[in-house]
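Q: Relevant sequence annotations retrieved from TrEMBL are reproduced here:
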DOMAIN    35-75  domain 'ATPase F1/V1/A1 complex alpha/beta subunit N-terminal'
DOMAIN    116-204  domain 'ATPsynthase alpha/beta subunit barrel-sandwich'
DOMAIN    222-434  domain 'ATPase F1/V1/A1 complex alpha/beta subunit nucleotide-binding'
DOMAIN    442-536  domain 'ATP synthase A/B type C-terminal'
Amino acid sequence: NMDFSKLPKILDEDKESTFGYVHGVSGPVVTACDMVVGHSELVGEIIRLEGDMATIQVYEETSGVSVGDPVLRTGKPLSVELSPGIMRAISDGIQRPLLDISSQTQSIYIPRGVNVSALSRDIKWDFTPCKNLRVGSHITGGDIYGIVNENLLIKHKIMLPPRNRGTVTYIAPPGNFDTSDVVLELEFEGVKEKFTMVQVWPVRQVLSVTEKLPANHPLLTGQRVLDALFPCVQGGTTAILGAFGCGKTVISQSLSKYSNSGIIIYVGCGERGNEMSEVLQDFPELTMEVDESIMKRTALVANTSNTPVAATETSINTGITLSEYFRDMGYHVSTMADTTSRWAEALREISGCLAEMPADSGYLAYLAGRVKCLGNPEREGSVSIVGAVSPPGDDFSDPVTSATLGIVQVYWGLDKKLAQRKHFPSVNWLISYSKYMRALDEYYDKHFTEFLPLRTKAKEILQEEDLVEIVYLVRKASLAETDKITLEVTKLIKDDFLQQNGYTPYDRFCPFYETVGMLSNMIVFCDMARRAVETTAQNILYKRSSMKFKDPLKDGEAKIKSDYAQLLEDLQNAFCSLED
């Protein structure tokens with residue numbers, strides 16, 4: 001065996017320095033020699049290394065940073081804190097608590113270099129250890145060892161970080177603890193390690209799962225057009241595509257308010273600030289079935305359009321990491337990204353600063369899915385991702401739009417013409433699609449047996465758009481009677497079923513049983529009206545049309561009068577039978 005103790009060791013002065021200095025600044029990108037940026041200690045992340053030169057993406061405004069300013073190496077990747085208190089938090093893309101910063105600085109703006117703990121350390125939480133755990137128990141990553149009731153809606157399950165394991169040497173008794181108190185101590189291979197209720201996890205690293213499961217339960221939105229015609233699943237991926245003013249944000253907010261998800265993570269990614277303030281105003285007033293504000297199941301990541309582009313780029317990563325954390329507890333989580341177009345613009349701007357060719361960067365939709373969670377007890381959770389996309393100039397061939405549509409399984413296409421006609425939600429039923437139809441067949445067969453044939457019939461009726469064009473050309477009278485009924489039912493489905501008024505208490509949310517009931521009645525009306533026309537009224541309608549063919553010279557006045565009187569009696573009888 002070689003004796004390594006005699007080998008020369010690296011002297012302390014030769015080791016890599018914690019401090020470096022700024023070599024160049026280009027917008028949100030700083031180049032630093034040797035390897036928090038500047039005297040204000042701005043937060044940044046290394047995105048490229050060349051020799052001893054690091055390229056840093058800075059998440060705060062870089063104005064004032066100059067060549068020669070100091071750079072401090074933290075030795076950690078960009079991470080988020082995961083613990084009780086997330087549901088109360090409104091944070092930016094790097095998890096800085098906006099309410100705390102506002103109260104401390106007495107300003108509506110975020111000062112540069114502000115350093116505030118992501119989650120409050122002062123709040124005491126009622127911690128209850130799991131009954132099956134005691135000193136001497138073995139525990140591995142992902143195991144739940146305690147529960148905190150964050151509010152009446154959310155039971156926050158305290159999990160061991162995925163990379164840890166060992167034998168329990170101490171577990172806290174039931175009581176009130178803050179997030180900096182030690183609640184668990186493990187021993188593994190003679191080394192003891194203490195744990196608080198806080199996990200710190202890198203935002204660019206996926207949280208581990210045991211296995212991926214097929215998604216087979218619908219994500220019900222409360223919007224009839226989406227639930228009936230273009231359903232999504234819990235653990236699915238959806239794109240809402242539409243031009244400015246078509247109602248993308250309203251659909252995203254409706255999903256947050258009324259969907260059957262346990263947790264909502266709402267990421268305002270480069271959107272207008274008034275949309276985030278609207279969420280803050282509306283959500284606390286809306287209540288759940290248990291009479292609790294839906295804000296208590298919602299976490300906001302607010303990166304408005306006036307924040308630095310680098311922070312916009314990382315906000316979706318932060319939102320997905322929070323979603324995965326709650327998914328691992330066994331919750332069904334919905335993540336709203338509004339909008340992914342601004343996220344792609346941020347990526348493009350950073351690429352430009354690096355003098356790189358912009359490319360289709362991987363949209364994080366692949367992180368969605370229903371999974372079997374790591375650790376004990378066994379549990380299942382899911383992350384559903386709904387991304388709004390705003391194509392510039394309504395150009396649907398835009399690279400971001402094409403890349404998004406190539407990844408997602410559900411496409412809700414919003415139509416500018418429908419929006420201009422005040423038809424909301426302005427989902428175009430001819431271009432939208434869902435690839436989860438077959439995955440949900442089993443669910444529908446079990447709970448709503450009559451629904452599948454109804455949906456097929458409704459789609460067939462809505463495909464008859466060419467009838468509308470014929471009416472524009474040659475008027476309604478030229479259509480066959482059955483076509484007139486089809487046209488009438490199409491109008492009925494469009495106006496009374498697909499259209500929904502989100503500002504009324506009775507129509508802002510439609511449960512799925514009501515959706516099925518409405519659709520059933522409309523399709524039955526269509527079938528019975530067609531049958532009535534084809535059987536009872538066909539002969540009368542023929543006689544009505546042939547009145548002009550009576551020849552006064554051949555038939556004579558008396559016969560024509562008696563025929564017309566008989567036809568009048570037949571018409572009255574036919575309509576009386578319809579009324580009965």
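Glycine too: its Cβ is placed from the backbone N, Cα and C atoms.
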Q: What is the number of residues in the domain 'ATPsynthase alpha/beta subunit barrel-sandwich' (116-204) that are helix, strand and coil, as DSSP sees it?
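A: Helix/strand/coil tally for the domain 'ATPsynthase alpha/beta subunit barrel-sandwich' (116-204): 0 helix, 43 strand, 46 coil.
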Q: Looking only at the domain 'ATPase F1/V1/A1 complex alpha/beta subunit N-terminal' (35-75), report the model's average pLDDT.
A: 85
Q: Where DSSP helix means H, G or I and strand means E or B, what are the helix, strand and coil counts for the domain 'ATP synthase A/B type C-terminal' (442-536)?
A: 74 helix, 0 strand, 21 coil
